[in-house]
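Visitor: Sharing a structure with you now.
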Amino acid sequence: MTVVVEGQQRTHELVIITGMSGAGKTVAIQSFEDLGYYCIDNLPPALLTTFLTLLRDSGKNSTRIAAVMDMRGGNFFDALIGALDHILKEGDIVARILFLDADDATLVRRYKETRRAHPLAVSGLPLDGIKQERALLSEVKGRANFVYNTSNMKPKQLREKIVKEFASEADTIFTVNIMSFGFKHGMPIDADLVFDVRFLKNPYYVEELRPKTGLQTEVSSYVLALEDTQILIQKLTDLFDFMIPLYRQEGKSQLVIAFGCTGGQHRSVTLAEFFGAYLASKENTVITHRDINRRKE
């Protein structure tokens, strides 16, 4: 059920994630979060209209929201259809339901593997809770826009399916972030790959280069002319050409590559600029020099 009204402005998108407990809702909400959706876990349907009213009052022109609604909401879950009808009347939000399902045997196996209790299994037997939940969700499943059976899916496959269905063109852009930094200011905690280039000859000890940075030709030419730098560039070029397509294939949205030297002024900046320019012809690339303005610290 897609809730739309022709002729009215629709500025917000809502994806309601629901379905059987153990069918993959946690993986789903994480996938939507990676796509840039504002995500809410375990939102009671009775509060959905209140939340959307606050969203409208915020004045934001466009927002994408993904909300998990499941049987943890108790009796509130009965309010879901009423909340969707309310959205239909307002007409400024496109709402879709993603229902995640799996066969009974798979759900029982998953509960046993995690050693968690089914939320509706009063007797303690997962199958009893599964049967009760399936009956309670039958109407919602019938009104869903998308029904994914995850019985034979791995988490990665579910994520790929969600990305294929719900990602915009902007969401699928893979970005390589190239960073320079100084070890004396601490290692970057968000880097995927860190390369220590302190083994290269340091321009800091060349008096006329000391006050300059790797952004200036005198320093970059000095660093790039070193034999060790040329060998490093050759090896890292081969490594990046091999690895980066595989990172993209794995579904990563970004890769952070950091080059570190002592202070983050000369060698790391030069290498970050070089590989930023090299990768820019292949990938969406962003260059950041974290410590370049911390010379006196």
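Using N, Cα and C of the backbone, Cβ positions are placed for all residues, glycine too.
Sharing the features that Swiss-Prot gives for it:
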- Gly19, Met20, Ser21, Gly22, Ala23, Gly24, Lys25, Thr26: ATP binding site (BINDING)
- Asp70, Met71, Arg72, Gly73: GTP binding site (BINDING)
Visitor: Do me a favour and check the Cα-Cα span between Asp70 (GTP binding site) and Gly19 (ATP binding site); whole Å is fine.
Guide: 7
Visitor: Quick one: among the binding-site residues Ser21, Thr26, which has the most Cβ atoms sitting within 10 Å of its own Cβ?
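Guide: That would be Ser21, with the highest Cβ count within 10 Å.
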Visitor: As a test of the contact definition, list every same-chain residue at least 6 positions from Gly24 (ATP binding site) whose Cβ is closer than 8 Å to its Cβ.
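Guide: Listed in sequence order: Leu100, Ala102, Tyr148, Thr150, Met153, Pro155, Leu158.
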Visitor: If we count other C-beta atoms within 10 Å, could you say which of the binding-site residues Gly19, Gly22 has the fewest?
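Guide: The binding-site residues Gly19, Gly22 were compared, and Gly22 has the fewest Cβ atoms within 10 Å.
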Visitor: For the recorded ATP site, whose residues are Gly19, Met20, Ser21, Gly22, Ala23, Gly24, Lys25, Thr26, find every other residue on that chain with a C-beta no more than 8 angstroms from the centre of their C-beta atoms, and list them by sequence position.
Guide: Ala28, Asp70, Leu100, Ala102, Leu107, Thr150
